[in-house]
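This report concerns only the one structure given below.
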Amino acid sequence: MNERTSDAFDALLVLSFGGPEGHEEVRPFLENVTRGRGIPPERLDDVAVHYHHFGGISPINALNREIIANVEKELASRNRELPVYFGNRNWKPFGNEAAEQMADDGVKNALVLATSAWGGYSGCQQYQEDIRGMIKHLESQGQSVTFTKLRQFYDHPRFVSTMAQLVQDSYAKLPDELRDEARLVFTAHSIPLAADNAAGTPQDGSLYSSQVKEASALIAKAVGVSDFDVVWQSRSGSPHTPWLEPDIVDHAVELNEKGQKALVVCPVGFISDHMEVIWDLDSELMEEAEKRNMVVERVATVGPTDEFAALVVDLIEEAELKRVIERLGKLPARGSSINGAPCSEGCCGTAKHQTARVNPNARSAAPAAN
């Protein structure tokens with residue numbers, strides 16, 4: 001075992017949601033996602049259809065490995081030596097397994113990148129819970145690693161500028177006669193209103209949806225668009241529970257009925273093209289658009305880009321300097337703390353305001369992959 005005694009950060013853990021990588025993994029993955037939530041087995045069968053449609057493979061693990069490869073390349077370009085590990089909440093490689101490997105390798109003081117730009121329970125606090133679980137697991141093995149989670153990065157200049165370029169790329173793909181009239185629509189994962197109200201500190205108020213709206217405004221401004229929409233997708237809770245609205249497909253239908261012929265849809269809430277992007281947008285939204293002879297250009301996500309890797313290394317350097325360097329927004333960008341501690345007093349409340357993410361009445365019932 002390597003002996004590392006320095007207080008400097010000596011590793012990065014990319015911590016994500018996880019997803020199956022074969023037909024035989026779909027059902028146990030879904031059982032992990034919904035454990036303790038009382039979801040009927042037949043609902044899991046319904047949701048599994050989405051994954052089996054794509055060969056039983058969620059793209060999220062491969063996309064995260066691509067992010068890791070890009071981060072390693074960016075670290076090397078800055079003459080940095082920092083090993084990068086990969087762990088998930090719901091599927092292999094599990095966070096506990098990654099933490100064990102890190103401890104075995106002699107890691108003492110690791111940074112954690114959660115694959116979410118946002119505040120709130122699902123986007124931030126649940127990753128803090130994952131970190132606490134990893135620490136508890138290591139303690140049961142007689143091992144120890146200190147984990148420091150990186151902050152929320154929804155308004156980092158590289159995030160905004162790269163998303164703006166990707167939006168412009170989508171506009172360029174539209175037919176000439178539709179480009180000027182195309183409507184720009186930003187979309188992010190819907191959550192229950194109670195969860196949004198609890199996001200951030202009591203003083204923040206609805207931090208998650210506010211961050212999504214601010215990021216969208218920053219990107220639109222960079223593109224040169226003054227009028228745009230922010231909508232939501234992937235709702236999967238009880239139909240009796242209020243969630244963030246409107247839904248992207250419902251909104252597209254409404255716009256079309258008012259005469260809109262073209263949309264540029266930017267999945268600002270998602271780092272990579274995982275299941276909810278390729279199902280809810282590339283399948284369901286596109287099918288509805290085709291029925292209506294509506295042209296929709298879906299904007300690429302930021303995760304696979306070199307600029308996103310540079311953003312991650314920027315965040316690492318911020319953590320080393322113990323101060324935030326680059327921000328464009330005015331809202332809080334919380335989320336950084338040690339060993340899963342609350343990042344701010346009262347942040348995200350004490351209750352888990354999320355509901356089970358498999359719903360028989362939802363348009364899309366695929367589990368979330370933040």
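The backbone N, Cα and C atoms fix where each Cβ goes, and this holds for glycine too.
So that you can see what the record holds, here are the features copied from Swiss-Prot:
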BINDING   Ser58, Tyr127  Fe-coproporphyrin III binding site
BINDING   His189, Glu276  Fe(2+) binding site
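Comparing Tyr127 (Fe-coproporphyrin III binding site) with Glu276 (Fe(2+) binding site), their Cα atoms are 19 Å apart once rounded. When the Cα atoms are compared, Glu276 (Fe(2+) binding site) and Ser58 (Fe-coproporphyrin III binding site) turn out to be 10 Å apart. Secondary structure at His189 (Fe(2+) binding site), as computed by DSSP, is strand. Counting in whole angstrom, Ser58 (Fe-coproporphyrin III binding site) lies 17 from His189 (Fe(2+) binding site) by their C-alpha atoms.
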